[in-house]
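The following features are taken from Swiss-Prot:
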- 51-80: domain '4Fe-4S ferredoxin-type 1' (DOMAIN)
- Cys60, Cys63, Cys66, Cys109: [4Fe-4S] cluster 1 binding site (BINDING)
- Cys70, Cys99, Cys102, Cys105: [4Fe-4S] cluster 2 binding site (BINDING)
- 90-119: domain '4Fe-4S ferredoxin-type 2' (DOMAIN)
Amino acid sequence: MINYLKSFFLYEIVRGMALTLRYFFKAKVTINYPYEKSPVSPRFKGEHALRRYENGVERCIACKLCEAICPAQAIVIEAEALDDGSRRTTRYDIDMTKCIYCGLCQEACPVDAIVEGPNFEFASLTHTALIYDKERLLQNGDKWEQALTSKLYKDYEYR
């Protein structure tokens, strides 16, 4: 008899609507993405960047540790020796479509030249735009230098 009354008064539907109405008047937890952004963790791994020293010289010493450790083989480096005996890169390419953003290149770098920055909005319509050359990586480093420095400082105790 009770089951008959429950089905007659559409008990399940009333319970479902009550639950819906209860959540309808609660505060919203979503954000309006393009206009509001959630905070990013200091350990977030985003778009790659090559850093420079304070005097403007690029940090990369062409040791190729990042190329060797990259599990996706997304990094290609070519280097040449300078007159003073040091080496500098002539080509430093990262294929962002191959990259798995593991951060091993950043961990392997002895001079903190290659880092993964806070930027996560670098979508593109073409594959060639996602193959970053040395100039693009250095531009990213110049653009995000303050954020990268503070990120590395906050992450220092975990390295």
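Keep in mind that glycine also has a Cβ here, set from the backbone N, Cα and C atoms.
Source: prediction; values computed, not measured.
What Swiss-Prot annotates, mapped onto the structure for a quick look.
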{"residue": "Cys60", "record": "[4Fe-4S] cluster 1 binding site", "Cβ within 10 Å": "24"}
{"residue": "Cys63", "record": "[4Fe-4S] cluster 1 binding site", "Cβ within 10 Å": "16"}
{"residue": "Cys66", "record": "[4Fe-4S] cluster 1 binding site", "Cβ within 10 Å": "22"}
{"residue": "Cys70", "record": "[4Fe-4S] cluster 2 binding site", "Cβ within 10 Å": "20"}
{"residue": "Cys99", "record": "[4Fe-4S] cluster 2 binding site", "Cβ within 10 Å": "21"}
{"residue": "Cys102", "record": "[4Fe-4S] cluster 2 binding site", "Cβ within 10 Å": "14"}
{"residue": "Cys105", "record": "[4Fe-4S] cluster 2 binding site", "Cβ within 10 Å": "24"}
{"residue": "Cys109", "record": "[4Fe-4S] cluster 1 binding site", "Cβ within 10 Å": "20"}
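Of Cys60, Cys63, Cys66, Cys109, all annotated as binding-site residues, the residue with the shortest Cα distance to Cys102 ([4Fe-4S] cluster 2 binding site) is Cys66.
With DSSP classes pooled into helix, strand and coil, the tally for the domain '4Fe-4S ferredoxin-type 1' (51-80) is 5 helix, 8 strand, 17 coil. The separation of Cys66 ([4Fe-4S] cluster 1 binding site) from Cys105 ([4Fe-4S] cluster 2 binding site), Cα to Cα, is 4 Å. Closest to Cys70 ([4Fe-4S] cluster 2 binding site) by Cα-Cα distance, out of the binding-site residues Cys60, Cys63, Cys109, is Cys109. Regional average pLDDT for the domain '4Fe-4S ferredoxin-type 2' (90-119) in the model is 95. Cys99 ([4Fe-4S] cluster 2 binding site) has Cys66 as its nearest neighbour among the binding-site residues Cys60, Cys63, Cys66, Cys109, going by CA to CA distance.
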